Amino acid sequence: MVLYGLLLALILSLFFLFKRKIIIFEIFAIVGISLYSWFFLSNYSLFIAPIAFLISTVIELVSLKTPLNFFGIKYWYNLKHQRYTSRVFILGVYPLEVALGWVILHYLSFFVVFLISSFFDFPYLASILLGGATLVSIDLLLDPVAVGNNAWSWQKGTRYFGIPWQNFLGWFFVGVLISFLVMFLPFSIKDTANQNRLIFLLPIFAYGFCWHLSLFLLKQNRALALLGSLPLTVFSLAALIMGFMR
């Protein structure tokens, strides 16, 4: 029954993604990923979503509403953007779609870190730092596309598609902080997962699918687009290889 629920959630999430109903896609995607991690890893994996949501939301709100900006440069969300269909803006400045997006991205980052770290038996510190790095690898492509689509804006940026380098430090900090809390949870791969290594493909492909964002950047600057996609490509291949070599 869990597998049927997982497949249904994933199918529905893809349907609403292509229908451009981002908020519904995110809800089904989080349900699907949660079922996946609960069924194949540990019951404790259900804590990832609330931890990621709480930490990222607090950091975003502090950065948006106070002088303390974890992302270094002033930024704001375009609350009239067509992708923010829920019209739910936390404290009037932070779209719910972005808050849920953090949860999905950290889930994907977690699976990649878990496969690589468990294979090499990384210490906690290395796993935590890797959590920050894998999250940044996604934002290297996500942020330029979002800014190009006017989903949010920066007061000033750099030659890298107008994104300030402090933003990536902020993402790294968020990834490290969430990973620090998550890595204390006892995770282990259940027998249902060990029986079929193909199940590791799902989160890795979902993480690697973020690479398609680079296609939108190639027309602007091919060299920067390829450079920005390199970390995500390396992490995806590493996780894929480690998953099959377990």
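Using N, Cα and C of the backbone, Cβ positions are placed for all residues, glycine too.
Now, the feature entries from TrEMBL:
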TRANSMEM  22-41  transmembrane segment
TRANSMEM  47-68  transmembrane segment
TRANSMEM  88-116  transmembrane segment
TRANSMEM  122-147  transmembrane segment
TRANSMEM  168-187  transmembrane segment
TRANSMEM  199-218  transmembrane segment
TRANSMEM  225-245  transmembrane segment
Most Cβ pairs under 8 Å with the transmembrane segment (199-218), selected from 22-41, 47-68, 122-147: 122-147
Positions on the same chain near the transmembrane segment (225-245), where near means CB under 8 A and six or more residues out: 111-112, 115-116, 118-120, 133-134, 136-138, 140-141, 144, 160-161, 197, 200-201, 204, 207-208, 210-211, 214, 217-218
Surrounding residues of the transmembrane segment (168-187) on its own chain - C-beta under 8 Å, 6+ positions past either end: 41-42, 44-45, 47-48, 51-52, 55-56, 59, 63, 70-72, 102, 106, 109-110, 113-114, 124, 127-136, 139-140
